[in-house]
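What TrEMBL records for 27-48, 60-82, 102-121, 141-162, 182-205, 235-260, 272-289 is transmembrane segment. Sequence annotations record features per position, and here TrEMBL assigns domain 'G-protein coupled receptors family 1 profile' to 40-296.
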Amino acid sequence: MATTTITSSVTTTTRASIQIITNEMTYYGPIIILVIGIIGCLCNFITFTAPQLRKNSCAFYFLMSAVFELLSITFGLISRLAADHLGSTLINTNQVYCKSRVYLVSVLPLIATYLVLLSSIDRFLSSSVSVRLRSFSQIKIAYHATIGAIVIGFLSCIHILIGYDLRPRCGILVGTFATFDSMFVVFWLGVIPHVLMLIFGFLTFMNIQRTKKRVVVKLHENAVAPTQQKTDAHLIMMMLFQVGFSALLVLTRMIYYAYYVLAPPLTGYDKLIGSFLMSFTTLVYYANYAKSFYIYTLSSQLFRSVFLNRIKLYMRKIFGRYL
């Protein structure tokens, strides 16, 4: 009897601790990610709008990706924080908001992800030994490709507007539709773009290796090649770090999300743990869209140099009169 009482007491204490941790995590986590993410996205805007990058197709993809990353974290996290801690019941009482929120928190990150994929394809094209392939790496094509990615992103998630509704809380149709939606998220937002990024990153690396061999033969290119090779090396490094961390963060969320949707309903202690893991992986997911500036800064001296020069320029413009 005493053993049963002690076990029950420990279980109650553990549950209370998990609830407290989950509550604190869902309150402070979004705030921290919002601050870090907004600062990072603004720094990306400053860097990728530099004169030396403004007409670069790859930089344009990164810039537009930063725009959708900013939209993703601000809308997604603020609306979640409002529902979890600020008393907002709109998502469970308003049908239009229920559908539109779920739709936008899927579409915005999707577009940001595929814009990064387009940048990896652009790098592959720009580093190719084929003149024809290199001709596709230009700012005009980047404009059209970006519009295409945005349109496809919005259209590919249309099913969300159909499948989600108040039941009575905002949720998805159970059964086959839930299975389709979870697989759509895992593969369309997670597996497919990141596998393609890795493939094009590897192909770009192979193109650089072939270019080095050609430089040895064409000695007259030696004055230009080292600078170009250095730039390509920085771009490849930025992409590989970006893809690696994105795959880790996004797929962590997607795998658990698929399990959460497909598994039988959790009860008791398992439900409490499931709620904690869902909240944790949600924060991990949003952290992916707040990280790019910091990944680029740590992985590329070129990026750091351009960013610092831009900061110095703005500092001179703002405080120059007082110096």
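Just so it is clear, glycine is given a Cβ too, placed from its N, Cα and C backbone atoms.
Within the chain, the transmembrane segment (102-121) has long-range Cβ neighbours (under 8 A, six or more residues past its boundaries) at 58, 61-62, 64-65, 68-69, 71-72, 75-76, 79, 142, 145-146, 149-150, 152-154, 156-157, 160-161, 164, 170, 185, 188-189, 193, 196-197, 200-201, 204, 239, 242-243, 246, 250, 285, 288-289. Computed over the domain 'G-protein coupled receptors family 1 profile' (40-296), the whole-number mean pLDDT of the model equals 85. Counting residues 6+ beyond its ends, the transmembrane segment (60-82) has Cβ neighbours under 8 Å at 26-27, 30-31, 33-34, 37-38, 41-42, 44-45, 48-49, 88, 90-91, 101, 104-105, 108-109, 111-112, 115-116, 118-119, 122, 139, 142-143, 145-146, 282, 286, 289-290, 292-293 in the same chain. When each of the listed stretches 141-162, 182-205, 272-289 is scored by C-beta pairs under 8 angstroms to the transmembrane segment (27-48), 272-289 comes out highest. Residues 15, 18-19, 21-22, 25-26, 29-30, 33, 37, 69, 72-73, 76-77, 80, 109, 112, 245-246, 249-250, 252-253, 256-257, 260, 266 of the same chain, all 6+ positions outside the transmembrane segment (272-289), place their C-beta atoms under 8 angstroms from a C-beta of that stretch.
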